[in-house]
Structures are given as structure tokens and as C-alpha cells.
Amino acid sequence: MGGRSGRTGGSAADLAILLAGVALAAAAIAPIAVHWLTNPPDQRLVDLEVYRAGGEAVLRGASVYDMLTPPPQLLPFTYPPFAALLAAPLALLPWPVAQVVWVTAIYLALGVAVWYSFRPLLVRAGRYAPLAAGALVGALAHLQPVHDQTRFGQVGVFLLVMCVADCLSPAPRWPRGMLVGLATAIKLVPGVFLIYLLLTGRREAAWNAVLTAAAATLAAFALLPADSIDFWFDAVLNNDRVGANNATTNQSINGMLLRLYWPDAVTKALWLVCLALMAWIGFRLARRASQAAARLDGASAYGLELAGIAITGLLSVLLSPVGWVHHLVWIVPVLGALVGDGRDLRRCLVAAGVAVFFAFRIPWWGTRLIGEGHSALERFTGRVVQDAFGLAAIALVVLLGHWLVNRVQGQSDRRVPSPDQPEVGTLTP
């Protein structure tokens, strides 16, 4: 009787902790969700409107790449045809219902991203893991890249979860690489993870990703042949379809260079040089983190493998011609890799500093200094501040691949294994 009563009491306490975690996350998320769900209709979840319009075009048999969303946005569909097929169910839902469903799904996906990104910390939290996860979801929702997922009704957090789960799950129930392939078929940018898989010796997973992406693309070609031709031979080559590439919100290397307003030929040549240099440095550091993880175990191994994945995610933003602020949702695994299991105070302080930095709309502060009437020094400072998130992403690539790897390796060499340290599985080649 006493044992059964104890188990009942424990279950009740665990349920209370779970509900408290959900309530904590919901309380932090609610102001953001309500604000953007009640925004003026023509400014509400504009990217979701693009997805839904693409799905409607598929269902009506109209051209996906000729349609535009209603005024004043007039946005085109910029994703591959496979994404348009997946968007068709959204077109079957009434627009108000689609908005609520999509925003809810964004925050559920954020919860999954938090579980993967902060797993060592959550394992260490034990029965209080749901409460810790709720606090993390609520806090991360207010970082600008994550906040903008809801503002625009974006797909980025779903693609992040697919790539992280595929690369980090210790024993996935699907062929490793399949989710990366699907993400690449939905939006080309996750294709950088094909390079990561190859560089880290996971050739079978890389082939699975290639075959999955190819199969999805060919299936879309069979179902939408005209749209597939339009995309692969026209739309994909036109960067202007996604918006002004020199806008502040484009924090890729290309965006930062375009805002210098140098001659087009000079900008293009410099971009190619910077692209090659960033790719060479970034992928080497991602591989370094993964190789260091292979020599460790437990939370240390998990954290460094996550660091390699986070570096690759940051590269997907920096190397792309267009990397909007909301694409930097990769800040979630970046912070998870920095925090680790929470035992290292310096790592936690660095993570806190990074989080605070991304909580503010810093790039837009710079725009106030670049107009007429400002000195040359003020305009230069404004340009640097305008590129703040992109420059921070470059710094984070180095921070994760160099400083974090060295710190974890150094601590692992000195640490005596503790019998009560939670084991956290990492992937196998």
C-alpha cells in the first residue's frame, strides 16, 4: 500500500511539474502569438500566406511561380515544387484556422528543438526537466530569429528540427540522412548538411539524403512538370524573387557586401572570395567539433556534435545569397552547445551573453546612423551595427569550433568520471 501510494504521489508530482512547464512556456509565448495573430490582416504571417497560396495554386492547377499573394505584399512562391505539394493541405483550411494551427506547430517544433539542443541540461534536471524545458522555450521564443518565426509564419524551425534530429539521434528509426534529404527538397539551403555528413565520414547517410531529395524532387516533377521546369530553369536563378537582397534583414555575407554599395562586379568577386573562405573555415571547424566528439562520451560528446551541427546551420545562413534574420533560428542549438549540461559557469555566461545579444533588434539600430546628416564615422559605425547578426554568426562559428572544442577537450582531460553523471547518447557513424 505504501509503495503504491508513493508511486501515485510521485506521478501526481511529475504531472504537476509537466503542467507547470507547459504553463510557463505558454505564458511567455502568449504575448507573441496573440500579437502576430491579431496583426492587421495584410501584415499577418505573410510567409505562411505564401505557402498557402502555393498550395492553392497546386489544387487549382494554376502556375505556382506566376502567382502572387494579395496586395500589399504581392509575394511570390520561392520554394521548390515539392514544398508546394506539401503546402496543399494548408489551402484546405480556412485562413484563420491555418494561422492558429501553424503558430501552434511552430512552438511545438521549438519544444522539440529545445529537447535536442539542451538535452544534457535537461537530463541533469531529472524530474524537473519539463519545467526547465518550459522555461527555455519561453525564453528562446523572445530571441529575434525565433520571434520572427511566428511573425512571418516561417518554416525554418521545422527544417532545423529535421536536420538536428537526423544528425544527432543516436539510433533513428528512419534511414539516417532521410530527413536532411526531405528538408533539402523543401528548401534548398539545408543541403549544406550533405557536406557535413560527407566531411564527418557518414557517407551512407549522405547518400540517403541525396537519394531522398532526388526522389522527392522527381515525384514533384512527375506531378507538377510545368512548375518544376519554371523553378529549376528560372525561379531558382532569380534571387530578387525573395525580396531586396541589400535589406537590413539579409544578414548573409552577400547581404553585408551588398550594403557597401560597391560596383556590382567588385561585389560579386568579393562575395565569391568570402564565400570560399567562410566555407573552408566553417566546414573545417564543424568537422573538428564532430571529430572531437567522437573521442569523448556522454554530455561532452553530445555537446561537441551539436556544435558541429550548429556551425553547419550558421553556414547555411552565411553562405546563402539571402539569409534573413529568421533563418538564424540556429541560435537555439548554438546556445544548447554552449550551455552543455550547465556545469561550466563560463560557458553558461557566454551563452547568456549571446542570448541577450540576439534578443534585441540590433541591426536596425545601425540604420539610424547611415542617413544624411551623419558623419563618416557614424555612417561606418551604422554599417557595422547593421550587419550585427551576420558578424555575430561568423564569430559564433569560430567560438563553437575553436574555443568550445578546446575548452571541452581540456576539461575532459582533467575530469575524473563521476558515477552519477548522466549519460547522453550521441550519433554513431
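Any Cβ shown, glycine's included, is placed from N, Cα and C.
Heads up, TrEMBL stuff is auto-annotated, nobody curated it.
According to TrEMBL, the transmembrane segment annotation covers 12-37 (among others).
Taken from TrEMBL, the feature transmembrane segment covers 74-93 (among others).
Taken from TrEMBL, the feature transmembrane segment covers 100-119 (among others).
What TrEMBL records for 125-143 (among others) is transmembrane segment.
Packing against the transmembrane segment (178-199) from elsewhere in the chain are residues 79-80, 82-83, 86, 155, 159, 162-163, 165-167, 205-206, 208-217, 220, 236, 283, 286-287, 290, 308-309, 312, 315-316, 319-320, 327: each is 6 or more residues past its ends and has a CB under 8 Å from a CB in it. Per TrEMBL, transmembrane segment is recorded for 178-199 (among others).
Below 8 angstroms of C-beta separation, residues 58, 64, 80-82, 84-85, 166, 175-178, 180-182, 184-185, 191, 193-194, 197-198 of the same chain, each at least six residues beyond the ends of the transmembrane segment (206-224), sit close to that stretch. Among the features that TrEMBL reports, transmembrane segment is placed at 206-224 (among others).
Annotated transmembrane segment per TrEMBL: 269-287 (among others), in sequence order.
For the transmembrane segment (299-318), the residues of the chain that approach it from at least six positions outside its boundaries are 116-117, 119-120, 123-124, 160, 163-164, 167-168, 189-190, 192-193, 195-196, 200, 251-253, 278-279, 282-283, 285-290, 292-293, 327-328, 330, 333-334, 336-337, 340-341, 390, 393-394, 396-397, 400-401, 404-405, 408, 411-412, 421-422, 424-427, judged by C-beta separation under 8 angstroms. Sequence annotations record features per position, and here TrEMBL assigns transmembrane segment to 299-318 (among others).
As annotated by TrEMBL, transmembrane segment applies to 324-340 (among others).
The annotation transmembrane segment is assigned in TrEMBL to 347-364 (among others). With a cut-off of 8 Å between Cβ atoms, the residues of this chain six or more beyond the transmembrane segment (347-364) that come close are 139-140, 142-145, 248-249, 251, 325, 328, 331, 334-335, 338-340, 385-389, 392, 396, 399, 404, 407.
Here the transmembrane segment (384-405) has long-range neighbours at 144-145, 248, 251-253, 255-256, 259, 278, 281-282, 284-286, 288-289, 292, 303-304, 307-308, 310-311, 314-315, 317-318, 323, 325, 328, 334, 337-338, 347, 350, 354, 357-358, 362-367, 369-370, meaning same-chain residues at least 6 beyond its ends whose C-beta is under 8 angstroms from one of its own. Annotation comment: TrEMBL describes 384-405 (among others) as transmembrane segment.
The listed stretches are 12-37, 100-119, 125-143; of these, 100-119 has the most Cβ pairs under 8 Å to the transmembrane segment (324-340).
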